[in-house]
Amino acid sequence: MARYILGRLLSAIPTLFLIVTISFFLIRIAPGGPFDLERPLEAKVMENLARIYQLDKPLWQQYLLYLKSLASGDFGPSFYFRDFTINELFAEGLPISIQLGSSALVLALIVGGAMGVLAALRQNRPADYSIMAAATIGVTIPNFVVAPLLTLLLGVWLGWLPVGGWNNGAARNMILPIVTLALPQIAVVARLTRGSMIEALRSNHVRTARAYGLSGYSVVVVHALRGALLPVVSYLGPAAAALLTGSVVVETIFGIPGIGRYFVQGALNRDYTLVMGTVVVVAVFVIVFNLIVDLVYALLDPRVRYD
Amino acid sequence: MTEAMTNAHKSAGEAVLDIRDLRVSFATAVGTVQAVRGVDVSVAKGETVAIVGESGSGKSQTMMAAMGLLAANGKAEGEALYRGANILGLPTAKLNRIRGAKITMIFQEPMTSLDPLYTIERQLIEPMVEHGGIGRARAKARALELLKLVNIPQPERKLRSFPHELSGGQRQRVMIAMALANDPDVLIADEPTTALDVTTQAQILALIADLQKRLGMAVVFITHDLGIVRQIADRVYVMKDGQVVEQGEAARILTEPKHPYTRMLLDAEPEGRKAPVTGESPILLEGQKVSVAFDLDSGLLKAPIVLKAVDDVSLAVRQGQTLGIVGESGSGKSTLGRALLQLLPHQGRVFFSGNDISNKDRGAMRPLRRQMQLVFQDPYGSLSPRMTVGQIVTEGLLVHEPGLSAAERDRRACAVLEEVSLDPALRNRYPHEFSGGQRQRIAIARTMVLKPKLVVLDEPTSALDRTIQKQIVELLRKLQADHGLTYLFISHDLAVVRALADWVMVMQHGRIVEAGPTPVIFESPVQDYTRELIAAAANNLSG
């Protein structure tokens, strides 16, 4: 098992290298640069800036320099947030995004899973239809609509929760962003769980469990749900990577200092190092979570073996 | 309930399970389908009752309904009396005190009836703890005892195994062990041997019969196989279209059937023999020392474990001949067929019409493909569900005769469908609208449209009912006579092979055990394994 994990991590290196290379040249091909303003800076100033940030060197040299600093774990200085390095920005924002994302993930798994199981057990009956209708709504309404609505209802009218701000991670401040993040995930998890659960409930081994008079809990949870979770787990891997690296919309609306907003800001400002940093962080998360999914598979299903 | 019926019940008071006027219906998109239309079945203590019928006769659904195991859209009416008390429509909690404890079931699909995610021990223990009120430790001891009772080798190790680590026969033994765990009064066996090899079938049947004698429970045996009925049943119910058409003592039903349907079932063995071809007929297909090896579990640093699926097999088939390749699952017979057709890389040499085709690549094989075709076992999985029958049948023509006009292709589709006795008007329908037998005719038509010389038939009749099998055998025989076809007939079903082949090759573990003319192999086999196979299938053959 340890060998398998090591092998997978080693094979991630060429993947990361490709991602870094492609993104590096893509962002450089994009027109404009980090110091282009509406009113252009003086030529002398531009020259100085370019020299400081090593933009005056040929592109291939810049690429090699970036690879070198990346290999030592240094994402370089931000071009836009002048006094910060990318490492500092992430050290501050990433824990916040992870905290929000993982809470939303757990919420989605529990609530979505329970809804899916219930819908499957009541297939084609009112409970099923209402759960699936709610799930469809959850997927279709975008979070930039849900967030203001929740804020209006719970924050402004009822005054139960603060409308925004991070407040050093106070629980009251986290509820609305977590719920906003979780809603569409709950919907997807519910749909997936329902589908695989219906299939599992029809399977021959669940028929055996029923034929042997096992209790409802044993039939549904022990024999049907464990197998039915496999497709949900496959979905949750990439979903977790996306959630944990933050959400632009949620962080912007609720004024949360996570790293989600850097995706857009970095790209718009041509903050080369910030864009590269976010790309690398997301790529690492995706790789790691796909590995975790495969390991959980082995845990859930004895037929999957990695040794 | 009328007085007469009550009295009838009293006189049959020894019945442990008594099903009366059972009706089962399913709500489907096209309306309500009546699967069982008023069936009475009863079984007494120590008695073995067989319910016989073809697929769709409602024989399984009758017992599923009694056990409360119908699909969600199913509805059951009538009565199922267990020791006089109706269990039909009981709330699940009450029903669960009976099923798994007093009435247990084993199913047709040993491969999927056990949960793949838990060990054998855990699954054996569950019903004991649930019903018996015994602790885990005692249940574990009992589980081991049960595995010994059903003759599983290395029972201690098998307890810790997962279902996928056991063979089909072993899984069915585990199911039987599970069924016996709580000393049931009634054991319902739903086609328990259908998915197993013949020698394993015989062992499982003997095991059930032996356990019944020792433990004295009632057995309800659901089957389509009259050979099994002959072997173990006391009484028989024959079902057709959801009704019992005939019932009585097994000996009487088998010797003097009254209902025409029972007579047809009894008469459903494939008949006739193939006349051998003469020595002057040219050799069409020849294999010299053909071997196929698969690397199992190959790692970067360790030497791969090599499985020799086909091991040094040589054979020659003459034009117009039918070579029957017989063996149990895992014997390498299908792999051999594929290697000969160059669908799998192999060692050794293969000649087709005298030309060496060994390991030719796809491009070089393409012109020859037309002359060598393949029909598969599963008529449900081998036809594309999104193509019409006309498209399926003529798809090969698009490759091999690309110049044909659409009208000409359609004409040929009609001709070939007529040849396999299907109505050409049906060519615009989709496969799901056809029965298993009709689908196999479509699969045969798909090969015949190319006018091949050699057809490899890989278990083409195994998924079909006996009466349908007989029709397919007759169709294959007619096509062979009309077109001078050469068949490679791969099957584990000796009755069908005997009816179709003029030369038989018996395979085990990838090697040829014995080969010879069909009458010689069947009447005076030399090898023990061949004798064993024939003995195990004897029930089917003597029908």
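Backbone N, Cα and C define each Cβ position, glycine as well.
A quick note: this is a predicted structure, and the numbers were derived from the prediction, not measured.
Copied over from TrEMBL, here are the features:
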TRANSMEM  A:12-30  transmembrane segment
DOMAIN    A:94-297  domain 'ABC transmembrane type-1'
TRANSMEM  A:96-121  transmembrane segment
TRANSMEM  A:133-158  transmembrane segment
TRANSMEM  A:170-190  transmembrane segment
TRANSMEM  A:211-233  transmembrane segment
TRANSMEM  A:239-260  transmembrane segment
TRANSMEM  A:272-300  transmembrane segment
Candidates A:12-30, A:211-233, A:239-260, A:272-300; stretch with most C-beta pairs under 8 Å toward the transmembrane segment (A:133-158): A:239-260
Non-local residues, at least 6 beyond the ends, that sit with Cβ under 8 Å of the transmembrane segment (A:211-233): 109, 113, 116-117, 120-121, 189, 192-193, 195-197, 199-201, 203, 205, 293, 296-297, 300-301
Remote residues contacting the transmembrane segment (A:272-300) - C-beta distance under 8 A, at least 6 residues beyond either end: 1, 5, 8-9, 12, 15-16, 19-20, 23-24, 27-28, 34, 66, 70, 75-81, 86, 89-90, 94, 226-227, 229-230, 233-234, 236-238, 240-242, 244-245, 259, 262-263, 265-266, 306
Chain residues in Cβ proximity to the transmembrane segment (A:239-260) (below 8 Å; excluding those fewer than six residues from its ends, i.e. six or more beyond): 89-90, 92-94, 96-98, 100-102, 104-105, 108, 142-144, 147-148, 151, 163-166, 173, 176-177, 180-181, 185, 188, 278, 281-282, 285-286, 288-289
